[in-house]
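Below is one structure, written out as structure tokens; comments come after it.
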Amino acid sequence: MKVEIEKLISHLKSQGFVFQGSEIYGGLANSWDYGPLGAEVKNKLKKLWWDFFVRRNEYNIGLDSSIILNPKVWQASGHLGNFNDPLIDCKKCKSRFRADKLVEEKFADMNVGGWSNEEIEKFIKENAINCPKCDANDFTNIRQFTLMFKTNQGVVEDEASTVYLRPETAQGIFVQYKNSQRALRKKLPFGIGQIGKSFRNEITPGNFIFRTREFEQMELEFFFSPNDSNDWFEYWLDKVKFFLEKIALIDTKNYSIREHEADELAHYAKRTVDIEFEFPFGRGELWGIAHRSDFDLTQHQNHSGQDLTYLDPETNEKYLAHVIEPSVGVERLLLAIFCQSYVEEQLDNGERVVMKLPYKLAPYSVAVMPLQKQQKEKANELYKELLLDFDATFDETGNIGKRYRRQDAIGTPFCVTVDFDTESDRCVTVRNRDTMDQERIEISKLREYLLTKLI
Ligand code: ATP
């Protein structure tokens, strides 16, 4: 069953996962802050990605590049000329929309990626797509609107000091490709991964954390020889699917793979696939995988005048590497995980809300609680011991049933209760979040027990 987005937002707020940005000042449109628990989940998600795509992949290395780069980078990459969205205004109520999204929202199976502005305008007129705000069918022509955030570096605000906030992390990788390859003495094929903030002045941000103007990306640029006969695209598509299914625990029912049609592909792209997730507000892109050929390295080589070719030690040939790029937004993936994890369950004695987060993403792995005040000291001792190995929390307020519900609501996989008998039998009760089953476990075996369950 699909979660209602408003319910999810309110739950995430009340439990300390996601707050409206600048809320005490009335907020700032479409900006969101990650509260104490949201920051935990986000950091854990980034760490899982980094471990899987960077540290524990035999080919890859990582990088942390600047947000503000030399503006020539954006000229070379094409962002200064082409990073635009088609903006259309309703003449009656003055609302602004992304013209491509107006069509795709009305006709869910359409994709207008490769269409010209004139084609989109014509389609909107002929198919009576009305303004979603006032229902009029009276739009302006489409204008291209740049998504780049502009600012100035230094004390003088003039053309020469204009810089941009990066709209993607990928270009930072391309400009440090040669340094990274040389310093680490990497041979092709190899990849460089990066996690970091990106900024896009989106025309229509919204749908909670799905589309915001400030967000984080996890991107991998995988470089390989144009003569390499391996299908690296399939290799990375499989890795992405593995990550989604086995690590983020995304149900295969909830996502689908959309291959871009030839007329939708960017001119330099050989193949592009979008992994789309069934969000409560409709299907949306979650993760993009693109074969970018040698487009970026060619552009940077031409604009910088630097030699970015690779000298193949086996064939003595010089060439520019080709690239496969799997790119995902941290918050979009987080939203998919939140949507899938939020569950309302009817029980004999009422209802519970559980965040069935993957164990590795739960803010706390284990909550320790004394059944009553008398066990507080013992429970606290155990809590401190568990802190050495686990993200543990201590919960002593309210009756035990309430405490279990509270931990369910934030997704804690295990609750450990110290009770009357603990003193004599040296055991505690361990309760499982999902099954609500309780087991009596010896304290001396608790660490081992939890380690095996949480793996
Ligand atoms: P869309 O069509 O939704 O605007 P895109 O095709 O422009 O996305 P890419 O440039 O391929 O997106 O970016 C890679 C990934 O970064 C996307 O798959 C998405 O997960 C994430 N992303 C892109 N734009 C945003 C945004 N405004 N807010 C949050 N995440 C984003």
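Cβ atoms here come from the backbone N, Cα and C positions, even for glycine.
Residues annotated as substrate binding site in TrEMBL: ARG98, GLU168, PHE215, GLU216, GLN217, MET218, GLU219, GLU325, PRO326, SER327, VAL328, GLY329. The Cβ neighbour count for GLN217 (substrate binding site), using a 10 Å radius over every protein chain in view, is 20.
Look at TrEMBL and you will find 200-202, 210-215, 285-286, 329-332 tagged as ATP binding site. Residue density at ARG213 (ATP binding site): 17 other Cβ atoms are found within 10 A of its Cβ, drawing on all protein chains shown.
Feature annotation from TrEMBL assigns domain 'Aminoacyl-transfer RNA synthetases class-II family profile' to 148-358. Averaged over the domain 'Aminoacyl-transfer RNA synthetases class-II family profile' (148-358), the predicted model reaches a pLDDT of 96.
Calculated from their C-alpha atoms, the gap between VAL328 (substrate binding site) and LEU286 (ATP binding site) amounts to 6 Å. Overall, the recorded substrate-binding residues ARG98, GLU168, PHE215, GLU216, GLN217, MET218, GLU219, GLU325, PRO326, SER327, VAL328, GLY329 cover a maximum inter-Cα distance of 25 Å. Candidate binding-site residues: ARG200, ARG213, LEU286, ARG332. Nearest to PRO326 (substrate binding site) by Cα distance: LEU286. Each residue contributes its Cα atom, and for GLU202 (ATP binding site) and GLU219 (substrate binding site) these two points are 20 Å apart. Not one of the binding-site residues ARG98, GLU219, PRO326, VAL330 places a Cβ under 6 Å from an atom of ligand 1.
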